[in-house]
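Notes follow once the structure below has been shown.
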Amino acid sequence: MASGKLFRAIIMGAPGSGKGTVSGRIVKVFNLKHISSGDLLRSNIEKRTELGLIADKYIREGKLVPDIYITKCILGELKQIGTSSWLLDGFPRTREQADDLWNQERIDSVINLDVPFEVIIERIQSRWVHLPSGRVYNVGFNDPKTPGRDDVTGEPLSQRPDDNPVAVRKRLEVYDACTRPINDYFDKKGVLVTFKGSTTDEIWPHVKQYLEAKIQ
């Protein structure tokens with residue numbers, strides 16, 4: 001759905017909340033450019049850019065890439081996009097990043113997906129991955145055509161070691177602690193909108209309806 005109105009949005013959601021699926025639908029239906037901080041960082045590392053070399057050094061040392069580099073990377077990408085509408089995914093991750101972004105760009109909406117932790121834990125427990133490609137399957141929801149085998153290559157599927165319930169709950173708690181200040185920040189700015197539900201198909205119609213009203 002093309003629109004003449006410039007629209008700038010951020011999507012937030014815990015690991016396993018369906019954020020990737022909802023992002024894909026938003027980008028397709030509303031013709032927004034999808035900017036993933038993770039993809040952008042990986043691209044810079046592969047191209048051996050100045051930022052990529054710096055980021056690679058931190059990652060190899062098992063450290064987080066400092067805010068100043070991530071923020072510079074994202075803001076630079078947004079400036080290149082210019083007059084296109086966009087959906088930002090994976091940034092900001094800190095209150096400081098949120099403040100820097102707000103001071104540089106007009107944010108129209110922060111779409112926050114609120115899925116119960118118990119639902120996410122159960123979902124991730126049933127998740128199987130084709131590690132070489134990153135293709136993900138969920139038993140009972142997005143089953144592989146042949147149990148335990150990747151649809152494309154036929155190779156065996158695996159479960160990530162950190163997808164056990166204890167590790168998943170810990171990740172979710174860390175995510176919650178980190179993102180609550182960011183959501184509070186955008187809530188005070190009047191741009192946060194939260195969508196609650198247990199599945200993507202339950203949440204998506206509400207997100208779509210909201211965006212249709214905002215973008216048209």
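In case you wondered, yes, glycine gets a Cβ from its N, Cα and C as well.
Features as listed in TrEMBL:
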| type | residues | note |
| --- | --- | --- |
| BINDING | G16, S17, G18, K19, G20, T21, R127, V136, Y137, T200 | GTP binding site |
| REGION | 36-65 | region 'NMPbind' |
| BINDING | S37, R42, K63, L64, V65, G90, F91, P92, R93, Q97, R160, R171 | AMP binding site |
| REGION | 126-163 | region 'LID' |
| DOMAIN | 127-162 | domain 'Adenylate kinase active site lid' |
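In terms of Cα spacing, the binding-site residues S37, K63, V65, F91, R160 that come within 10 Å of R127 (GTP binding site) are R160. For the binding-site residues R93, R160, the greatest number of Cβ atoms within 10 Å around a candidate Cβ is found at R93. Across the residues the record lists as binding AMP (S37, R42, K63, L64, V65, G90, F91, P92, R93, Q97, R160, R171), the two Cα atoms farthest apart are 30 Å from each other. Nearest neighbour of F91 (AMP binding site) by Cα distance, taken over the binding-site residues G16, G18, G20, Y137: G20. Within the same chain, the residues at least 6 positions away from G16 (GTP binding site) whose Cβ sits under 8 Å from its Cβ are V115, I120, I121, R123, I124, R127, V168, L172, listed in sequence order. By the criterion of other Cβ atoms within 10 Å of the residue's own Cβ, the least surrounded of the binding-site residues F91, Y137 is Y137. Across the region 'NMPbind' (36-65), DSSP helix (H, G, I), strand (E, B) and coil residues number 22 helix, 1 strand, 7 coil. Each of the binding-site residues K63, R127 was scored by other CB atoms within 10 A of its CB, and the lowest score goes to K63.
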